[in-house]
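The block underneath contains the structure these notes are about, expressed in structure tokens.
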Amino acid sequence: MASMVGEEEGTQRENGRLMLADGLAERGPKSLTSGSGQQVSNGFTTSTPQSPREGPGTAASSGGTASVPGGGTGSTVPMGGLRTLVVQQTSLERPRETWSKKMDFLLSVIGYAVDLGNVWRFPYICYQNGGGAFLLPYLLMAVFGGVPLFYMELALGQFHRSGCISIWKHICPIFKGIGFAICIIALYIAFYYNTIMAWALYYLLSSFRPTLPWTTCTNSWNTANCNRYMSSDHNVSWSNSSTSPAEEFYTRQVLQVHLSPGLHQLGSVSWQLALCLLFIFTIVYFSIWKGVKMSGKVVWVTATFPYLVLLVLLIRGATLPGAWRGVVFYLKPDWEKLLSTTVWIDAAAQIFFSLGPGFGVLLAFASYNPFHNNCYKDALLTSSVNCLTSFLSGFVIFTVLGYMAEMRQQDVDAVAKDAGPSLLFIIYAEAIANMPAATFFAIIFFLMIIMLGLDSTFAGLEGVITAMLDEFPHILVKRREWFVFGLVCVCYLGALSTLTYGGAFVVKLFEEYATGPAVITVVLLEVIAVSWFYGTNRFCNDIQVMLGFYPGFFWKVCWVAICPCFLLFIIISFLAFPPEVRLFDYHYPPWTTVLGYCIGVSSFICVPAYMVYHLLNARGTFKQVLYISTTINVMCSFLFKASFSSYSILLLHMLS
């Protein structure tokens, strides 16, 4: 069925419509397929029903009858002596789900980007790499690397309206393995990331008592080295062999890591943590099982509540004695450190993992946007909020660390020596215990940690769900609830190893090897496929069709050259300076490094494996298959221009 109306030249697509507009047919590549549907350059069949604002004059009619706004069927209205047309194709396919409100999308993206790493990783890396001087490389890496990648993924997802697997049939089919690799990486993240929320839930449940359990040394899990000191205890001396009640509660009661000698003997599963994780996954399931319309409502709480808590903790921390010492230590610039390569490596890695391109989440979220949504402004807004949140979290953490240093009569760097979750579950938990109204602050703090983690889990699993539903729509679309249930069960079973007595060692191993190098390599291939195979000019034309303006020279240079160099810099740095993995007093043996690399390669191997599969199953000679697999959009563009020009001339002749 087709209806023909016209007022502009070129092509523009909105919610499945193929429209003529501003001469874009000559600039941007378009494709048209015969049969039951029409396609534009994104390969998305024009199957979505009409937008309500089209009006009655643009209703589709069978048999190719022409109609114009305000005119009867078959009538034509001269517009300045010119007759142009719009071709619209409709079908009975189910329209794609969209966000209920624009704010649902923005809060979901912000909740995904702002995660636990903003609270513990950025402050630690900042003071370790020159304090205020670190902000210079951090901002440079954000402007030239992180934000362009963030913008690219939002634009790709919104234009092609597909998840991270099926989107490649529109861009470069031979790289489809990237989508499968992203899904495996997302599963690895779900295996360990939610365990940290289970720890926080354990702390939260333990906070509902007058005396917090990590403030005393009289518990069954405490040792002789436990040294209890509160702000009111002036006769307590702190030595290098002393351990705080908070440290022993975390390591001996929550993790029970003392019962495991290492990765070679993990021990039994902690039933308390298993129940906590089960509760976390139950919340996750009922938040995402119905789609983005449901999760878009949940993030109004989970994405905004952490900011309220951060503000409360910032005000409270600023009023503590010694807070100024922490702030000075956090921001005092050490410009000489900028001469170190490590600082620039840390800045690049931090901004990349903070914004989170390459995990399939931005593609999935943007695919549910209206076609003409201004994803350019969204990218700038959400990435700016993410960076500012990281900077704000530094004040929240270091005002408390300054207070701890004042109370212990130590230097701030001695207090802040622990990185990662230990910074939250030991140092910050101990500081909260020394505050007035400690129970209240403990409850809201660990509730904030849980909500920060939930947002990222919603997003990560939604990336996998969208990818699989778009790839296998006839099987999974009507069974979304059951598919999500199965996915959550797989994630829970995969996380059982992190719930053992040695589970903290597994979490550290996954964090260092399973996601970092693999996802950076995948994003590097993604940028190359989009910029060099699909073509930067074609990608920019797609953006112009959506947003009405052509990306500037800066963005093109970033996508073609700077972003690939940015990612290659991180990969080479990781290979040249592999991290020394240790946790508490446990140094990971050499065989764990081999195991870590095997886990990382297990996801990335999908890329070359699919390339081989694609080439072996395609028809024609190897040279023909390779050419079609990497230049399919060039061919579609040529076919579109030829067929559409002939079709337009014929229809215009009929109208006249």
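Cβ coordinates come from backbone N, Cα and C, glycine included.
Per TrEMBL, region 'Disordered' is recorded for 1-79.
Per TrEMBL, compositional bias 'Polar residues' is recorded for 31-51.
What TrEMBL records for 55-68 is compositional bias 'Low complexity'.
The annotation transmembrane segment is assigned in TrEMBL to 105-123 (among others).
Residues or ranges marked as Na(+) binding site by TrEMBL: Gly111, Ala113, Val114, Asn118, Ser354, Asn386, Leu452, Asp455, Ser456. Same-chain residues at least 6 positions away in sequence with a Cβ under 8 Å from that of Ser456 (Na(+) binding site) are, in sequence order, Gly111, Tyr112, Asp115, Leu116, Tyr193.
The transmembrane segment annotation in TrEMBL covers 135-156 (among others). A Cβ distance under 8 Å defines the sequence-distant neighbours of the transmembrane segment (135-156), meaning residues of its chain 6+ beyond its ends; these are 126, 129, 167, 171, 338, 343-344, 347-348, 350-352, 354-355, 357-358, 362-363, 365-366, 375-376, 378-380, 382-383, 387, 391, 523, 527, 530, 539, 542-543, 546, 555, 558-559, 562-563, 566-567.
Feature annotation from TrEMBL assigns transmembrane segment to 177-205 (among others). Counting residues 6+ beyond its ends, the transmembrane segment (177-205) has Cβ neighbours under 8 Å at 116, 163-168, 254-255, 272-273, 276-277, 279-281, 284, 358-360, 421, 425, 429, 442-443, 446-447, 449-450, 453-454, 456-457, 460-461, 463-464, 467-468, 471, 490-491, 494-495, 497-499, 503, 506-507, 510-511, 514-515, 518-519, 522, 525-526, 529, 599, 602-611 in the same chain.
The Cβ of Cys226 (disulfide bond) has 19 other Cβ atoms within 10 Å, all protein chains considered. Among the features that TrEMBL reports, disulfide bond is placed at Cys217-Cys226.
Marked as transmembrane segment by TrEMBL: 269-286 (among others).
Outside the transmembrane segment (298-324), and at least 6 residues removed from its termini, the chain residues within Cβ reach (under 8 Å) are 103-104, 107-108, 110-111, 114, 287, 389, 392-393, 395-396, 399-400, 402-407, 435, 441, 444-445, 447-448, 451-452, 454-455, 458. The transmembrane segment annotation in TrEMBL covers 298-324 (among others).
The feature transmembrane segment is assigned by TrEMBL to 344-368 (among others).
Taken from TrEMBL, the feature transmembrane segment applies to 380-405 (among others). Using a Cβ-Cβ cut-off under 8 Å and counting only residues 6 or more beyond its ends in the same chain, the transmembrane segment (380-405) has close neighbours at 106, 109-110, 113-114, 118-120, 122-123, 126-127, 135, 138-139, 142, 146-147, 150-151, 307, 310, 313-314, 317-318, 320-330, 351, 354-355, 411-412, 414-416, 423, 427-428, 430-432, 434.
Per TrEMBL, transmembrane segment is recorded for 425-452 (among others).
Per TrEMBL, the feature transmembrane segment maps to 482-507 (among others). If you look at the transmembrane segment (482-507), the same-chain residues 6 or more away from its ends with a CB under 8 A from one of its CBs are 187, 190-192, 194-196, 198, 255-263, 265-270, 273-274, 277-278, 281, 284-285, 288-289, 461, 464-465, 468-469, 476, 583-584, 586, 588.
What TrEMBL records for 513-533 (among others) is transmembrane segment.
Sequence annotations record features per position, and here TrEMBL assigns transmembrane segment to 553-574 (among others).
Neighbours of Gly111 (Na(+) binding site), defined as other CB atoms within 10 A of its CB across all chains, total 25. Compute the center of the Cβ atoms of Gly111, Ala113, Val114, Asn118, Ser354, Asn386, Leu452, Asp455, Ser456, which mark the site for Na(+); besides them, the chain residues with Cβ within 8 Å of that center are Ile110, Tyr112, Asp115, Gly117, Gly356, Thr389. Within its own chain, Ser354 (Na(+) binding site) has Ala113, Gly117, Asn118, Phe122, Gly146, Asn386, Cys387, Ser390 as residues 6 or more apart in sequence whose C-beta sits under 8 angstroms from its own.
Counted over residue pairs 6 or more apart, the CB atoms of the transmembrane segment (553-574) and the transmembrane segment (105-123) come under 8 Å in fewer than three pairs, which marks the two as apart. Below 8 angstroms of C-beta separation, residues 99, 196, 292, 295-296, 299-300, 302-304, 306, 330, 350, 353-356, 361-362, 365, 368-369, 373, 378, 381-383, 385-386, 389-391, 393-394, 396-398, 419-421, 423-424, 449, 452-453, 455-456, 458-460 of the same chain, each at least six residues beyond the ends of the transmembrane segment (105-123), sit close to that stretch. Remote same-chain partners of the transmembrane segment (344-368), defined as residues 6 or more beyond its termini with a Cβ less than 8 Å from a stretch Cβ, comprise 96-99, 105, 108-109, 112-113, 117-118, 121-122, 125, 128-129, 134, 137-138, 140-142, 145-147, 149-150, 152-158, 160-164, 167, 179, 182-183, 185-186, 189, 292, 375, 383, 386-387, 390, 459-460, 462-467, 470, 516, 519-520, 522-523, 526, 566-567, 569-570, 573, 577. A separation of roughly 31 Å, to the nearest angstrom, links the Cα atoms of Leu452 (Na(+) binding site) and Cys226 (disulfide bond).
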